[in-house]
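Q: Here it is, the structure, as structure tokens.
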Number of protein chains: 2
Amino acid sequence: MTEHKATNVTFHHGSVTRDDRAALLRHKGATLWFTGLSGSGKSTVAVAVEAELTRRRRLCYRLDGDNIRMGLNANLGFSEEDRVENIRRIGEVARLFADAGLIVLSSFISPFRADRDRVRQLHDEHGLPFIEVYIDVSLKTAEARDPKGLYKKARAGAIKDFTGISSPYEPPEQPELTLTTDTMSLEDETAAVIAALEAQGIIPA
Amino acid sequence: MTEHKATNVTFHHGSVTRDDRAALLRHKGATLWFTGLSGSGKSTVAVAVEAELTRRRRLCYRLDGDNIRMGLNANLGFSEEDRVENIRRIGEVARLFADAGLIVLSSFISPFRADRDRVRQLHDEHGLPFIEVYIDVSLKTAEARDPKGLYKKARAGAIKDFTGISSPYEPPEQPELTLTTDTMSLEDETAAVIAALEAQGIIPA
């Protein structure tokens, strides 16, 4: 049935629309914006959600430090101006991917509320779902994990403006979803994100 | 058969790979880089190819002035430095989309060989197909069309550094495909691009 429906894609004035792509993919595009301290578990959750979505045959793509900082944003440093521009560009790319029909999983600390809110507004303006997922762990927990040894370096003064130590983290005021990795299992966190996508009608329940 | 194969997607170390996405989409990611004078017909061809690919149930996405200049590259002007950065960012975004499994259709004048070659190199480094499509029309034809009235403005001196008038266009030396819109029909051009995708094994023949 769905297969048949999708072959009846109609082209409007010869130009393919967002709806055409959604019909082909059988789900809507959206941005999942994971935010939280370094070591909070953003990437771990994003990887788990990506695996589950792919298992369900939904097309998604992760934006993270590995594919952004070395490429698109390789010409940005860590000044305040550059950190704002870093998140702005990631937000614009996420918007393009969501418009293309993918479920984007963006995992960057993105510590400043104003920067995240601009990305939310951009999605709103283009009628695209923006789901802010706050990974809420205590600094104590994140610092105890310290998977990359960054807190240790920051405490030693080797990293300037490190979020949580020498630069603030501003928690979201009204995130669509809060995951408390202090107490939730990875399975529970993944299930909560999937449930949020279902609740918003982005993927079928 | 294909349907069955795609449900057997294997996850490597929990992280979804390019191959997993290709199995899901049943085609490979690639960048089609259309280059040519203003008024050469880049967008017209890109729109026609997009429609044909979507009819064949292949996921593609167009990058053009409409979704890039107003968004990601809104903070760039037309200085030499900014024009280089404009193409660099578009190249990086195209690379991400191709990695995500989409067939990207990029249509920008992109007049300088060095800028295009950097985008090609970036794709090569990441093992992603880059297909340079040169839209070869005479300046006379492009200027006679002048769909946006830009040549008229450039001749009047109202636009600085306008490609073909007051700034050079450097044709590709070895493009994967050359379309001579002076003599080819839009149907022929579209068929030639589709044939190139088939020949490279990006979509099934």
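The backbone N, Cα and C atoms fix where each Cβ goes, and this holds for glycine too.
Curation plays no part in TrEMBL annotations; they are all automatic predictions.
Got these off TrEMBL a minute ago, pasting:
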DOMAIN    B:28-179  domain 'APS kinase'
BINDING   B:G36, B:L37, B:S38, B:G39, B:S40, B:G41, B:K42, B:S43  ATP binding site
ACT_SITE  B:S110  active site, phosphoserine intermediate
Q: Using a Cβ-Cβ cut-off under 8 angstroms and a sequence gap of six or more, which residues of the chain neighbour B:S40 (ATP binding site)?
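A: Same-chain residues close to B:S40 (ATP binding site) (Cβ under 8 Å, separated by 6 or more) are B:I135, B:D136, B:V137, B:A142, B:T181.
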Q: Show, in sequence order, which residues other than B:G36, B:L37, B:S38, B:G39, B:S40, B:G41, B:K42, B:S43 on the same chain lie with their Cβ within 8 Å of the centre of the Cβ atoms of the ATP site.
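A: Nearby residues not in the site list: B:S107, B:I109, B:I135, B:V137, B:A142, B:T181.
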Q: Sequence gap of 6 or more, C-beta under 8 Å: which same-chain residues meet both conditions with respect to B:G36 (ATP binding site)?
A: B:K42, B:I109, B:Y134, B:I135, B:D136, B:V137, B:Y169
Q: For B:S38 (ATP binding site), what is the tally of other C-beta atoms lying within 10 angstroms of its C-beta?
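A: A count of 23.
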Q: Could you work out which of the recorded positions (B:S43, B:S110) has its C-beta surrounded by the smallest number of other C-beta atoms within 10 A?
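A: Ranked by other Cβ atoms within 10 Å, the recorded positions B:S43, B:S110 bottom out at B:S43.
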Q: What whole-number Å value do you get for the CA-CA distance of B:S43 (ATP binding site) and B:S110 (active site, phosphoserine intermediate)?
A: 13
Q: I'm trying to understand the geometry here, so how far is the Cα atom of B:G41 (ATP binding site) from the Cα atom of B:S110 (active site, phosphoserine intermediate), in Å to the nearest whole number?
A: 14
Q: If one looks at the chain holding B:L37 (ATP binding site), which residues at least 6 apart in sequence have a CB under 8 angstroms from its CB?
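A: B:L37 (ATP binding site) has long-range Cβ partners B:I109, B:I135, B:V137, B:L139, B:A142, B:T163, B:G164, B:Y169.
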Q: In the predicted model, what is the mean pLDDT computed over the domain 'APS kinase' (B:28-179)?
A: 95
Q: Helix, strand or coil for B:K42 (ATP binding site)? Use DSSP.
A: helix
Q: Looking only at C-alpha atoms, tell me how far B:S38 (ATP binding site) is from B:S110 (active site, phosphoserine intermediate), rounded to the nearest Å.
A: 10
Q: Cα of the residue listed as 'active site, phosphoserine intermediate' to Cα of B:G39 (ATP binding site): how many Å, rounded?
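A: About 13 Å separates the two Cα atoms.
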